[in-house]
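Q: I'd like to ask some things about the structure below.
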């Protein structure tokens, strides 16, 4: 009754008892409700007070300031800032109005994916704002659950290894044509590995997807669309109010650029589809688009956004991987010589099978690619993915629904997995590492439960390996500290064998 009296006084009720039992029962019910509310609030407050702390009460480190766009524009500096502040422990950063947990150690990656990985979600617009959502929101990389599975169902067939392997002879011809254009001199040629390789994967991926519909005219149209894409990404990264629908509605220049891209991209595909169907052309993209037809489960927006992600989002990424591959081969003559010898030995076999060589994981060819992608992963910081359950990550209590980001560059150099020489280019390190260590300690297209989910990985791997084969077979590579070609800033010298 003491509690009821206290609540009565708090609520301003008198102590009159003329209504007897009825008023007492009423006040009792009110008191019970208030007590339940207070208890629930206290329990919730207690739970929240434990969020982002260890069981001993240590609070997780938070990086000050808005780091949303810094993850892309100042990746190295932000990564170093996080390491200086938190060491190897997880930390929080602010991504616009959202908080994201950053992890960088194999055990933390294991904690993140353990038990609930199949139920992970992704934050709206990947926490990148309204314009990003209008641009790439429906793409497969931004989806999860049934929507993700639906898009994958339509896109996976042409990206399976068997489909890609059938394209190897055509890829080789295109790579040889490209080499002839970039290295026309009989003896010595120079390449700027950051520029000259930029559109090679892009071109061969386009060839793979459009097949009979791919020609010089369509390629130039795609290059023009890529320029628009770059402008839109710049708009997104420079937006002052990315989460404001009203601001983005009246931000005319970025809105106009986005609309121009969307209309041209849609019309480009509709024309290709019309021609492919009318002419009976082989065109994997047209087969994918059949999922958009009436009574099917793929929307045109999801189709176009996923095509945007596959083609345009990987242009600069693939160029960086090529730069890492060839600059390190040029700097390591012994690795280059060993790779050339391996290629020659494989090709001298009576039963030589090029797709089989490309698929093998125990070759130096594969190890060079793996080591290059360890050093140059797709993104320094991964896209956010949300925990389904409350869990401990790196000893901290992390609430359900927390967006988690992986510092990929630190993960790929961590001494726990890679020893003290993680910054040294050494393809043979993959000889010594058990596959279990790589599952949560290495990220190129994905890590943990995400390994192998990148749609274009088979095409990209094939193009990287085929290009290595063609270049190393025909040229000896040297580092070019000073370009011998006027007006060029070449960093690699190709000397004909």
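Residue positions begin at 1 at the first shown residue.
Just so you know, glycine gets a Cβ as well, placed from its N, Cα and C.
Taken from Swiss-Prot, the feature heme binding site applies to 454. Among the features that Swiss-Prot reports, region 'Disordered' is placed at 69-90. Annotated transmembrane segment per Swiss-Prot: 26-46, in sequence order.
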Q: Other than its own, how many Cβ atoms are within 10 Å of the Cβ belonging to the residue listed as 'heme binding site'?
A: 20
Q: If you run through the region 'Disordered' (69-90) with DSSP, how many residues end up as helix, strand and coil?
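A: Secondary-structure composition of the region 'Disordered' (69-90): 16 helix, 0 strand, 6 coil.
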Q: Reduce the DSSP letter at residue 454 (heme binding site) to three states and note it down.
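A: In three-state terms, residue 454 (heme binding site) counts as coil.
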